[in-house]
Amino acid sequence: MEQHTQVSSQRTDAPVASYGKALGLCCHVLAAAVLEWLPSPQLMAWEPEQEEEVTMVTARPNFQDSIHVGFVSGLKKFTEYFTSVLCFTTPGDGPRSTPQLARTHEDVPGPVGHLSFSEILDTSLKVSWQEPGEKNGILTGYRISWEEYNRTNTRVTHYLPNVTLEYRVTGLTALTTYTIEVAAMTAKGQGQVSASTISSGVPPELPGAPTNLGISNIGPRSVTLQFRPGYDGKTSISRWLVEAQVGVVGEGEEWLLIHQLPNEPDARSMEVPDLNPFTYYSFRMRQVNIVGTSPPSQPSRKIQTLQAPPDMAPANVTLRTASETSLWLRWMPLPEMEYNGNPESVGYRIKYSRADGHGKTLSHVVQDRVEREYTIEDLEEWTEYRVQVQAFNAIGSGPWSQMVMGRTRESVPSSGPTNVSVLATTSSSMLVRWSEVPEADRNGLVLGYKVLYKEKDSDSQPRFWLVEGNSSRSAQLTGLGKYVLYEVQVLAFTRIGDGSPSHPAILERTLDDVPGPPMGILFPEVRTTSVRLIWQPPAAPNGIILAYQITHRLNATTANAATVEVLAPSARQFTATGLKPESVYLFRITAQTRKGWGEAAEALVVTTEKRDRPQPPSKPVVQQEDVKARSVLLSWEPGSDGLSPVRYYTIQTRELPSGRWALHSASVSHNASAFVVDRLKPFTSYKFRVKATNDIGDSEFSKESEPLTTLQAAPDEAPTIISVTPHTTTSVLIRWQPPSEDKINGILLGFRIRYRELLYEGLRGFTLRGINNPGAKWAELTSLYSVRDLSRPSLTQYELDNLNKHRRYEIRMSVYNTVGEGPSSPPQEVFVGEAVPTAVPRNVAVHGATATQLDVTWDPPPLESQNGDIQGYKIYFWEAQRRNLTERVKTLFLAENSVKLKNLTGYTAYMVSVAAFNAAGDGPRSTPARGQTQQAAPSAPSSVKFSELTTTSVNVSWEAPQFPNGILEGYRLVYEPCTPVDGVSKIVTVDVKGSSPLWLKVKDLAEGMTYRFRIRAKTFTYGPEIEANVTTGPGEGAPGPPGVPIIVRYSSAIAIHWSSGDPGKGPITRYVIEARPSDEGLWDILIKDIPKEVTSYTFSMDILKPGVSYDFRVIAVNDYGFGTPSSPSQSVPAQKANPFYEEWWFLVVIALVGLIFILLLVFVLVIRGQSKKYAKKTDSGNSTKSGALGHGEMMSLDESSFPALELNNRRLSVKNSFCRKNGLYTRSPPRPSPGSLQYSDEDVTKYNDVIPAESSSLTEKPSEISDSQGSDSEYEVDPSPQKAHSFVNHYISDPTYYNSWRRQQKGISRAQAYSYTESDPGEPDHTALSNGSSAQQGSLFRPKASRTPTPQNPPNPPSQQSTLYRPPSSLAPGSRAPIAGFSSFV
């Protein structure tokens, strides 16, 4: 129920009447004030002792009645308030009325608090509650009622006193649900009811969480939630709570209560209001019963509310004068949470128009959402404007800001006065009249006028006639030339300077007068009895020349004896005859106009033929007292005239030290001996010289005068003010450039600053008509200048301090020397009171909050350096290693001391710098502080590549993520078929440690199937996946299957033979052998890169796991990929056949034979020792040794091997002995010489030899993929093969024989396979291995678990391993063929 209170006021007393939640106030306003000031009353109300929280309402003026009525709403019920009224006008607020105490009306109370049940029995229970939070009056009691659920006829009601806060309900039926209601009461009636249900004898429990949250009807500010209620706890649900996470992931992790729905126990959906437009939300719900609040539901999906126009206008809008035609507008941009839409679409619209209503309303759009200023250009000078700003986004525009007013700066008039007229009053004066400058073109306050005039077609600068005061409209120009045609213009000037002159110029001629003397009289021909003279018209004809009159006489006679001749106006020469020889004559020439005869020009001439050029004058002299700043008085003595009188003198000047002689005057009178040389520069050194000219010609120049320096003069120019900027709130910094040195006219002593306040800033809309004196000048409207003298001539800037805040100042500058002060510079205007902060924020600290967020804190700049209210901060931040590429700025338009920098890169070091700004601009940046974001999920791996793709296997490799965002702990690879294989879709997951190589061999694929591989990296958590598909072979155009492999097994090697198949669409480039254990193992590449021209290959069993049977198959490869594999071969066990000499029985037999041999030998020696024919027996023994040597030679034993055999005899095993025995005593066929061996293609086929092009490997995936170990030993290539070829020498000289064969345990494979070089057959080829991997080729078995990277071709491949025979066509340079049939020993 809305109620009102009325307040009436007689002058300053304001009686108050209360209306519940509102107060009505009335006040009488003085009629005079209404008529003159148009005031608006403002109503205020505040609680006692809380004056800082004042509720203010502006009432609309009521001019018909003497009473203003207004209401203050939004107050608390039944609460005391002080009320007051004031009136305000444009200049400001008036005084408040005396506060009056009033109380709002009583109302019904709010709901009771914390309704609960306890001591619940079958027939009774206790009900408890607390006083209402909003009493809204004096509580008179409580009403409690109960009834069986949905049976109103069983209702029982009791009324309780206001001090009772619990009640025992009795007489209940067991196991029956009841509804119990409690409400408070005041004198106004019963308040809001609090109700709950409960089953008698069944204590209520905490409710369960709601489920199945759904979201619909998504709008800009609300959504609808659907839900399924959870367990009610055996009582009714009294309230539903809605919580939300606001913002995108990583921004709003905490859940906030945003909505409650009370007293709706059966609700299944609700509208959630008061949301922010274009904001991400995730919702969850709780339900509340009499016991408490349930756990939260599962969060809903994340939604984004729709966009809406901005709700608020830009704040703190200010308008300042920028120039004569522009205004500087500033505002506070919208905070991000007020965009209500896509930030990219947010901008500002500016509306401006003339305050007097003339002209159109114009607008401008600023697209940058963080822009906070704009200069409005192309305005009228000295004109007041009103401006507003609004924000907009893609949906629409927000409200307009408060209107602000501003006036452009005063300027010079843009046109001259109108109706200019000129009237010649005399031969040397004119009267000029004009009208005012049009108001629109004045551009300021006109201080006066200037009349510009000059002779028509003259190149000289116009002269000014000053008319001070804007009330004068005419001027009398005097001192003009007679009968001269003048161009006349008039201009107006303001304090800024001169305006444009009137146009077009008015032409007017002064009246005529008697002419001046004719010019340039010369006598070019002089005889003894006649002369001829010539002349030029007068320099000042002063009218139309009508005639010339020439008189001449002897210079000694009187004027009465002169001869007179009158000539036509066109005459320019005259010849006088009948003269006396060697006499001096005086000639006079005058001109005549309508006004009469003018001034005569006189000249002397001597009638002689002995004339000559004159002699130069004497050295010019200047007296010190005749030296001025811009002129000197030069005097000289004439020289001899050469019997031809001097007609004129010429004076030249030279500026020291390096100037040239320059003509100053060429028409100095012939009878002058002194002349004022003007147009000189002050404080400048000069020299002078003079020459004379007569009828014959020029004399030489006189001697140069002594150098002299003109006096100093006041400077001619003002300094150029470069800038005037606010420095603090009471000072400005002025920067200037002094005038050029030649304009200072002396020694510069200092600068003078004149400044004063400009009052018109506060006089809105005043006009000249408001001034009492219509002839007032600007000085009468403004204060006088204050002056500061700066006595340091080297200064170029100065801080002008002690100014008044929030005032506009005019500043002028001048320079001065010892003579005086120069002119003032044009005025510069500046607004004082706003200056940028001069210190940086302090204690900047950066803390890594999350993987994408840094928390930055700081303290404000010192108060004395803030220069006004801090409006916000700019936070500059960039990645420490990439400033130029990553620098960004976040603007905080609040005077807060912390900010959260979001959407950063994880696990990255950032540099952060903070700058404060106020209304005047940005302050300096702080020293960058360093901070690092925490680890985050990495980005997806950069790429996935597939290689060695066969029908059942592929090698998968990938690149590390571009943004690790932390320390990479490993990768997870998941692969699965895109379609089920045999009805089964198997998903395989493999974890790879971060230190392992970035590849994996996958061998359990099905032929011709497409597999999807997904890989993601992990720091402390997994990042996004990268996905790629691959289809197992064979691909289109790949080769067909080779023939079924045929296996030939030797004692320690296996040879595989096959036949070529279909090459496919391209030639076969190589072959690959795959192997698998026969017990259903997986196929893996055993040997790769077998040359295309061979169809057999032999390799050592060392690369296989002993005791395991293997199947083999062959795959052809061309440019289209791996082809179809051949059919598997028969199973072959990888078990070496022990040589017979290693069998125990053979050793026993050898021992027995040896024993018998020894016994026989002893027996023979005993018998023969008893014989007398001992010498004969000795000869027989020598024959035996000789036969042994012959046998050795037949066996081609290298004699050089015997010392080695003897020296190493102790180190040889039984195998060595047996080999030596075989070599020395067995009747084997002789070994052919290597040079005599010949091989044919049949030999190659016979021995089934295959030569691999490079090493290859097959790696069985270990149980722990991340383990990586090198092989137990490393081998180096022996660069110098042996030259001996005996079998014995081979084993004696091979060091690995002692280390491996003699001492190697059974079941442990040797690390090297066999190859042939120039050394003996069967000699191991030692290959250096990279990456610490095993030397085995394509090993399926390895003594220790290790991961072998995909083998790479070595830069210089050694002799191929696992080769028993090598055809001549593939032998390396310098090698020789092996001996046929010898491999059986191996």
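Any Cβ shown, glycine's included, is placed from N, Cα and C.
Annotated features, as they stand in TrEMBL:
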DOMAIN    111-205  domain 'Fibronectin type-III'
DOMAIN    209-308  domain 'Fibronectin type-III'
DOMAIN    313-411  domain 'Fibronectin type-III'
DOMAIN    416-513  domain 'Fibronectin type-III'
DOMAIN    517-611  domain 'Fibronectin type-III'
DOMAIN    616-713  domain 'Fibronectin type-III'
DOMAIN    718-835  domain 'Fibronectin type-III'
DOMAIN    840-936  domain 'Fibronectin type-III'
REGION    921-944  region 'Disordered'
COMPBIAS  929-944  compositional bias 'Polar residues'
DOMAIN    940-1035  domain 'Fibronectin type-III'
DOMAIN    1038-1137  domain 'Fibronectin type-III'
TRANSMEM  1144-1167  transmembrane segment
REGION    1223-1282  region 'Disordered'
COMPBIAS  1254-1272  compositional bias 'Polar residues'
REGION    1312-1386  region 'Disordered'
COMPBIAS  1328-1339  compositional bias 'Polar residues'
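Between the domain 'Fibronectin type-III' (313-411) and the domain 'Fibronectin type-III' (940-1035) there are fewer than 3 Cβ pairs closer than 8 Å, counting only residues 6 or more apart in sequence, so the two stretches are not in contact. Note: the domain 'Fibronectin type-III' (840-936) comprises 7 helix, 49 strand, 41 coil (DSSP; helix = H, G, I, strand = E, B).
The stretch in 616-713, 840-936, 1038-1137 that contributes the largest number of Cβ pairs under 8 Å to the domain 'Fibronectin type-III' (209-308) is 840-936.
Averaged across the domain 'Fibronectin type-III' (209-308), pLDDT for the predicted model comes to 90.
Mapped onto DSSP classes, the domain 'Fibronectin type-III' (416-513) shows 4 helix, 43 strand, 51 coil.
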